[in-house]
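Student: The following block contains the structure, expressed as structure tokens.
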Amino acid sequence: MKDLLNFLKAQHKTEEFDAIKIGLSSPDMIRSWSFGEVKKPETINYRTFKPERDGLFCARIFGPVKDYECLCGKYKRLKHRGVICEKCGVEVTQTKVRRDRMGHIELASPVAHIWFLKSLPSRIGLLMDIPLRDIERVLYFEMYVVTEPGMTDLEKGQMLTEEEYLDRLEEWGDEFTAKMGAEAIKDLLGSMDMHAEAEQMREELETTNSETKRKKVTKRLKLVEAFIASGNNPEWMILTVLPVLPPDLRPLVPLDGGRFATSDLNDLYRRVINRNNRLKRLLELAAPDIIVRNEKRMLQESVDALLDNGRRGRAITGSNKRPLKSLADMIKGKQGRFRQNLLGKRVDYSGRSVITVGPYLRLHQCGLPKKMALELFKPFIYSKLETRGLATTIKAAKKMVEREEAVVWDILDEVIREHPVLLNRAPTLHRLGIQAFEPVLIEGKAIQLHPLVCAAYNADFDGDQMAVHVPLTLEAQLEARTLMMSTNNILSPASGDPIIVPSQDVVLGLYYMTREKINVKGEGMYLSGPAEAEKAYRTKQAELHARVKVRITETVVDEDGNSTTETKMVDTTVGRAMLWQIVPAGLPYSIVNQKLGKKQISNLLNEAYRKLGLKDTVIFADQIMYTGFAYAALSGVSVGIDDMVVPPAKYTEIAEAEEEVREIQEQYQSGLVTAGERYNKVIDIWASTNDRVAKAMMENLSSETVVNREGEEEQQESFNSIYMMADSGARGSAAQIRQLAGMRGLMARPDGSIIETPITANFKEGLNVLQYFISTHGARKGLADTALKTANSGYLTRRLVDVAQDVVVTEHDCGTHEGVDMMPHIEGGDVKVALSELALGRVVAEDVLKPGTEDVLIPRNTLIDEKWCQIMEENSVDSMKVRSVVTCDSDFGCCAQCYGRDLARGHLVNQGEAVGVIAAQSIGEPGTQLTMRTFHIGGAASTAAAENSIQAKNNGSVKLHNAKFVTNKDGKLVITSRASELTIIDEFGRTKEKHKLPYGSLLSKGDNDAVEAGETVANWEAHTLPIITEVAGRIQFVDMIDGVTVSRQTDDLTGLSSSEVTDAAARPAAGKDMRPAIKLVDEQGNDVMIPGTEMPAHYFLPGKAIVNIEDGAEVGVGDTLARIPQKSGGNKDITGGLPRVADLFEARKPKEPAILAEHTGTVSFGKETKGKRRLVITRDSGEVYEEMIPKHRQLNVFEGERVERGDVIADGPESPHDILRLRGVHAVTQYIANEVQEVYRLQGVKINDKHIETIVRQMLRKCTITHAGDSEFLPGEQVEYSQVKIANRNLEAEGKEPARFERELLGITKASLATESFISAASFQETTRVLTEAAVSGKRDDLRGLKENVIVGRLIPAGTGFAYHQERQAKRAEAQEGPSAEQATDNLAALLNAGFSSDE
């Protein structure tokens, strides 16, 4: 018996492994896998249904059809296992060996493997340096190739047509050999000397100058080196033996009616075997060459079809005209092996049903229908019944359960107690889409769900279904309880805000409860506490909204956790005092002493979590919900048509607007305004009218007049149902009420442009036919968009997860001093996001000093929590350096200090947390809320007047940043630098506003001057770019010849004349090389120098510049010499929403990107070509850099101006690749983070920056080697950044020269495919290409990421699996050291003793 158990144990023993290697298999290797050669194309005998011998299903090769029984039936039963029957040759064993025993086919002629031939770039072609077309001609028998030139003038690898071959044959006889077919290619590959090739190419690389040649050689060199390193032999890309898949993986299933369903592979194999056998016979018969050749070609084609059908030529089709599914099709695509069976599987012990509300449940509970529970927990019930002795066997237990005896229900109750179940709602967009609950048995057939978790699941009760899963093992139950229980997931992993937030009814109830009303019963009472307030309310002595004074006792918990109580009289209402009863101790009364809307309630829960911890918050959340539902029911809020009050002012407003539109129409007809201006103006008029009507309506709805106790009239907030719903945030918004009671307003066409006739009616008044038609027009587009959006958003999430899946927190601290600089987000005059909000949950990278002193306020490596945020606010810190995932120094994954706080848990992130996947989910999940459309700046959307001044919005002082300026004769400052910024700082030194200062602005305030709110600080001309002189002197024109380089115009009205510089292209031949300029001279006619430099004050004039001053005039410092008219930035569509986010993460180059300065230096312009200008930057070292710029681009720089590397030379959207190259990693991180946040902020979605940074880290994981140093890398090769870091560390330790490199920014799709792990890349996209490349270079996958481990079926190295993997590696390290000699002796003795004692 014992050996039987051991035998059964040995049946499913899995090998422990740490890596997977892929490579090319040699013919001998294929033969060694094989259990015999398949010689016949037959499958099974159609009469006996037994497999044919030597056929595709042969039992002798692949194993028995029935467990422990040979084919002829001579040996049956377990006792004969391992015997090989002498009659039929079948081994007696389990039938499951038919799943893993392979066969093989000996090919009569070699065949090229199509993946290495046709998967671009063709590996065979690249290796032999012969174009793919020629190789195909040889393989498919259209041409000869010379394999041995002998003493002739032919070259090895030369192609010959049939005629040429025959000619040469006559000329040289058998001096040389030329062959066709795969055999020829095999000979050529076999005769290549890899090492010699590599040497030769290395020399070529050093000598060649042409870039294209270098690229080509590098590519080929990499391939050759891969072959050398991996030990693959190039000959193996040509098959001489074909492996045959085990038969149970390509089954033949009998259908009823005597027909068979078969896998397509059997058809494909049959074809190969038939052609192979025919070829063997033809070769034995010595058939004519042409027939053999044709057969060989057909064999090649049939093997191609088996490996990858349809890759070359037309796909082979089956009987029903459907292309056959080849081996390659089995693994790729959504239905392929990787994505269908390895990454997502169907599971047992699960059920699904419709969900309904469970308002009486606690937060950790869900209602589970009894029927469902009984089915799901069957095994547990059976075992309980048996251990209790209520059933003798499992079968009896099964009968009891089927009869549903009373005792079964009792046992079900026991089994379910404290056994959590998982609830999941598809689509699972983030990790909160699966949570654990304790089941409560209920009657009925619907699952009951706690209302507060709906937000996390994005569920509602209009027919949504949910799936239930049962965690079976103890470990699984433990994880479900500690990690996935709904009570442990109160905060959203995306933003760290509470996600268990009441909505709708609950909000309405609490809002109603905390409102106040003037002069109702009980006003002015003095109450001794919340309990008495409740008594007064219950006995109808006071109304819920009555203003009263109540004695309130607060508990205050200080830093050290000591609590003190304070009692005071508070002006409040009866409802608020009653609500105070459920608020846990430790929160201030002020937090409920206000009208509670959705925002306030969210804040209340957040405070509770931060101050009181998890347990109290959960209990509080439940209480809030029960209370909210109760008072919502009591409030009796409903919607009636009379609640929508149309403001009387509406009709006059509309009449006025129609009058204005009529005026503009008249102006248009008389030609005073253009069609575009008319359209924009009309839309502006209607948009502002709509706003005014809406304002009047809201004022009307939101307040009512009442009589107070003194008998005077007073305004109070209205108790109008619709207004209360919107004001509390329960349902609806001002925009929707506007359509009900104001006017519907402007509608959009499906393409996003705005229809200029608005709908002046509202829904209460009703729409006429035309209005209805206009409103359906844009509304249908919305529905179509939603469907597209979901698919697109899902695909974005998939790409994000794929790129970030291997970012796991692997260590506590990587020790880096790097980080990113944090500043508050300021746009114009508003602080959009405060610094404390940005820094919350981050770790400080460098000591933060107290502003204005050298004292350390926050030491390095401090995790910024709410307490520190307060200290920062108090000390008005306005910038700090925090650690970031992008700058983390860990080789694999990232470290806890660089990541900072785990947003969903509120403490420093744990090791093993899969932060990459969380980042991907956090960015992808709100994707469905983003819009699909590109915003047309049409009319009201955003035609802000061009700015031409800065007005201060706050009191404070002015600060100028990288500004150069001169003071003009009026004592104003004139800005003469490009990228200047002006900030306004309050008395604590905090930045309040940030404005861009264009070149030529006039400042009325200097640096550090005080400014008051509302003052104008700077102004400039909006549509012209001035050229300003920095010195005083007399003007002298250079090369300004009338009619050649300039044209003069005199204004008829004013009589003033001005000269306009002609574009170089439009000048007559004489003026082509002239460069018009203005130079400044002193009285004697000598050049005036620009102060502080050796450069004369020369101002070159670009084309289109207008000069208003005369030659010889005197000018002062800061005067304008010339003006260049600027085109106004026409209506560009800005891509918004999802497409914009996708563009950013795919790192796509914009159409016309901004041109940035490649170097720091001085700008000048060189010789122009037909359509381009030549921009020259002279560096301080004297080196010259030139760039050609198209003429139509408007440049921001003048001749002789200094630029810094990375400065904008021509405006446009910036390309992230340029930012990375010129401004570095920090700048590109900031750029992508800000741009992505911009899109999400518009939709009101909060995402923490660190998620975006995590993705950016993955986009930056490759770099290009610029100089190899002493490393193994090739210049120009793309390598994983971590590899270079490790290599350089080792080189530096040995005192050698490290490699130099440039970081690369890859889009997320590219980055996923460029990952180290070929398993992960293959399961993402382009499976064939990835696997081909991996096989050729003999790649090894170390299974570091999550995806690879899921695919090979191991625990993932994250979360609880992280510890498991660490322990395993430690054990292995120990085992490798091995036991000492004494230990080994002891072990042996112990074993022998144990053996003796057991036999007695």
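Just so you know, glycine gets a Cβ as well, placed from its N, Cα and C.
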Student: Match it up for me: which of 15-47, 1137-1169, 1368-1400 does Swiss-Prot list as region 'Disordered'?
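Tutor: So the range that Swiss-Prot calls region 'Disordered' is 1368-1400.
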Student: When DSSP states are folded down to helix, strand and coil, where does CYS895 (Zn(2+) 2 binding site) land?
Tutor: strand
Student: Taking the Cβ of ASP462 (Mg(2+) binding site) as the centre, count every other Cβ atom within 10 Å, in any protein chain shown.
Tutor: 6
Student: Enumerate same-chain residues with a sequence separation of six or more from CYS814 (Zn(2+) 2 binding site) and a Cβ-Cβ distance below 8 A; give 'none' if the list is empty.
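Tutor: In sequence order, the residues whose Cβ lies under 8 Å from that of CYS814 (Zn(2+) 2 binding site) (at least 6 apart) are CYS888, ASP889, SER890, CYS894, CYS895, GLN897, CYS898.
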Student: Between the Cα atoms of CYS85 (Zn(2+) 1 binding site) and ASP462 (Mg(2+) binding site), find the distance and write it as a whole number of Å.
Tutor: 65
Student: ASP460 (Mg(2+) binding site): which of the binding-site residues CYS70, CYS72, CYS88 is the nearest Cα neighbour?
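Tutor: Closest candidate to ASP460 (Mg(2+) binding site), judged by Cα separation, is CYS70.
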Student: Nearest to ASP464 (Mg(2+) binding site) by Cα, among CYS70, CYS72, CYS88 (binding-site residues)?
Tutor: CYS70
Student: How many whole Å apart are the CA atoms of CYS88 (Zn(2+) 1 binding site) and ASP462 (Mg(2+) binding site)?
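Tutor: Each residue's Cα considered, CYS88 (Zn(2+) 1 binding site) and ASP462 (Mg(2+) binding site) end up 64 Å apart.
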Student: Would you count the other C-beta atoms found within 10 angstroms of the C-beta of CYS72 (Zn(2+) 1 binding site) for me?
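Tutor: Looking across every protein chain shown, the total is 14.
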Student: Within 8 Å of the Cβ centre of ASP460, ASP462, ASP464, which other residues of the chain have their Cβ, at the recorded Mg(2+) site?
Tutor: ILE355, ALA459, PHE461, GLY463
Student: Using the centroid of the Cβ atoms of CYS814, CYS888, CYS895, CYS898 as reference, list every other same-chain residue with Cβ within 8 Å of it (recorded Zn(2+) 2 site), in sequence order.
Tutor: GLU811, ASP813, THR816, ARG883, VAL885, THR887, ASP889, SER890, CYS894, ALA896, GLN897, TYR899
Student: Would you list the other residues of this chain near Zn(2+) 1 - those whose C-beta lies within 8 angstroms of the C-beta centroid of CYS70, CYS72, CYS85, CYS88 - in sequence order?
Tutor: LEU71, GLY73, LYS74, TYR75, GLU86, LYS87, GLY89, VAL90
Student: Distance between CYS70 (Zn(2+) 1 binding site) and ASP462 (Mg(2+) binding site) at the Cα atoms, whole Å?
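Tutor: Pair distance, Cα basis, whole Å: 59 Å.
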Student: Could you measure between ASP462 (Mg(2+) binding site) and CYS72 (Zn(2+) 1 binding site) for me? Cα positions, answer in whole angstrom.
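Tutor: About 62 Å separate the Cα atoms of these two residues.
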